[in-house]
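Feature annotations, reproduced from TrEMBL:
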type     : residues : note
ACT_SITE : His335   : active site
TRANSMEM : 7-25     : transmembrane segment
TRANSMEM : 40-61    : transmembrane segment
TRANSMEM : 73-94    : transmembrane segment
TRANSMEM : 100-120  : transmembrane segment
TRANSMEM : 202-221  : transmembrane segment
TRANSMEM : 252-275  : transmembrane segment
TRANSMEM : 321-340  : transmembrane segment
TRANSMEM : 346-364  : transmembrane segment
TRANSMEM : 376-393  : transmembrane segment
Amino acid sequence: YSNYRGILNWCVVMLVSLQNIYGILVDPIQIISLFLKDPYSWPALCLIIVSNGFIMAALYIERKLSVGSISEGTGSFLHGINLSALLFVPAGTVLSLTSITPVGGVLALSVFTILFLKLYSYRDVNKWCREIRHAKARTLSRSHSCPSVHKANGTTGYTHVSYPANLTHRDIYYFIFVPTLCYELNFARSPRIRKRFLLRRLLEMVFLMQLMLGLIQQWMVPTIQNSMKPFQDMDFTRIIERLLKLAVPNHFIWLIFFYWYFHSSMNFVAELMLFGDREFYRDWWNSETIPYFWSNWNIPVHKWCLRHFYKPMLVKGVNKFAAQLAVFFLSAFFHEYLVSVPLKMFRLWAFLGMMAQIPLAYFVGRFLRGNYGNAAVWMSLIIGQPIAVLMYVHDYYVLHYGSAAEGVAA
């Protein structure tokens with residue numbers, strides 16, 4: 001589908017109706033304060049700029065490996081240190097700095113997590129290239145570096161690169177900025193930038209970002225604040241009522257975020273970078289099983305897991321079920337990493353929520369079919385996320401505000 005005008009009209013109608021219910025509660029200053037405590041101090045941005053050092057380290061390690069200056073074992077050790085530092089250095093920085101806000105921490109850690117996945121893929125593909133070069137002693141075509149991705153239209157105007165000619169600053173930074181996690185020596189490319197398409201995506205990004213921020217302040221924040229006292233009093237009837245009340249705005253915002261990120265933003269960046277592979281999601285909304293949803297709603301992550309984690313485990317003799325459990329465990333770790341570290345508290349709600357998908361997937365796949373299975377998937381999205389949101393918000397209020405949280409809730 002290419003016409004989403006009805007969805008945008010729906011967003012406008014919902015925003016107007018919410019203003020009638022809650023009044024104008026959008027505060028631009030409060031939004032800015034979510035990212036910055038001090039307008040003259042930008043710790044999250046500085047942390048993101050520092051990430052260039054890790055990118056350069058990966059490139060120069062690969063250059064040394066390509067000419068045989070260091071052994072494969074030494075290269076793997078250096079890559080391991082670099083990749084580990086990509087996760088631990090920003091986490092330690094966020095935990096130790098008081099000037100960084102939770103939202104700024106999430107933004108910085110998200111960038112470092114994406115870089116971790118990208119540089120892991122960069123290491124793997126270049127290693128495969130060296131193995132093929134040593135085994136067959138001939139130049140590599142695109143099919144050797146990525147046999148699972150076919151050539152797309154518009155690639156004919158670009159010179160194909162073979163290993164090790166790909167080990168350049170231009171090549172690695174192109175990979176860093178394009179919306180994919182899987183490295184290729186030769187990406188599918190678009191023939192030109194479509195200016196109208198680019199402008200539409202830009203307008204969608206700006207409008208939907210404003211809409212999400214408005215909905216959060218207009219709808220979610222009042223609901224969450226009104227939920228604090230029932231949690232403190234352990235009033236389960238009111239907790240369930242608040243949970244159901246939060247489920248609707250949370251789900252609306254999640255759907256808008258999905259469209260904003262996976263359709264508008266990724267297509268905008270891809271169009272700007274002349275990136276040809278535009279499969280960022282499939283029809284996850286038709287999911288009748290939990291595994292189908294997780295393998296179709298975020299295609300870049302799914303492809304990375306399949307290519308660099310799941311299939312290598314199968315090659316090493318790990319059975320399919322254990323490999324699938326490992327994929328869920330990895331996903332659960334990163335979900336918790338991106339929530340607990342910025343909030344500076346460790347409650348494992350996100351981790352447990354992801355791991356709970358395993359028995360839920362078994363139940364839905366075994367007992368529910370067709371529309372019933374699809375309804376179960378939707379219910380897990382609508383109810384599951386608000387539970388985690390309320391748990392984290394409650395714990396954050398108790399930890400940071402103590403008795404003041406009760407006064408705010410009242």
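Each position is counted from 1, following the chain as shown.
For all residues, glycine too, the Cβ spot is worked out from N, Cα and C.
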(request) Six or more residues out from either end of the transmembrane segment (100-120), which same-chain residues have a Cβ under 8 Å from its Cβ atoms? (result) 33-37, 43-44, 47-48, 51, 54-55, 58, 79, 82-83, 86-87, 90-91, 93-94, 175-176, 181, 183, 301, 304, 308, 334, 337-339, 341-344
(request) Sort out for me which stretch, of 40-61, 202-221, 376-393, has the most Cβ pairs below 8 angstroms to the transmembrane segment (252-275). (result) 202-221
(request) Using a Cβ-Cβ cut-off of under 8 Å, list the residues of the same chain that are 6+ residues beyond the ends of the transmembrane segment (376-393) and lie near it. (result) 224, 227-228, 231, 242-243, 246-248, 250-251, 254, 287-290, 293, 339, 343, 347, 349-350, 353, 356-357, 360, 364, 368
(message) Among all protein chains shown, how many Cβ atoms are found within 10 Å of the Cβ of His335 (active site), not counting that one?
(response) 18
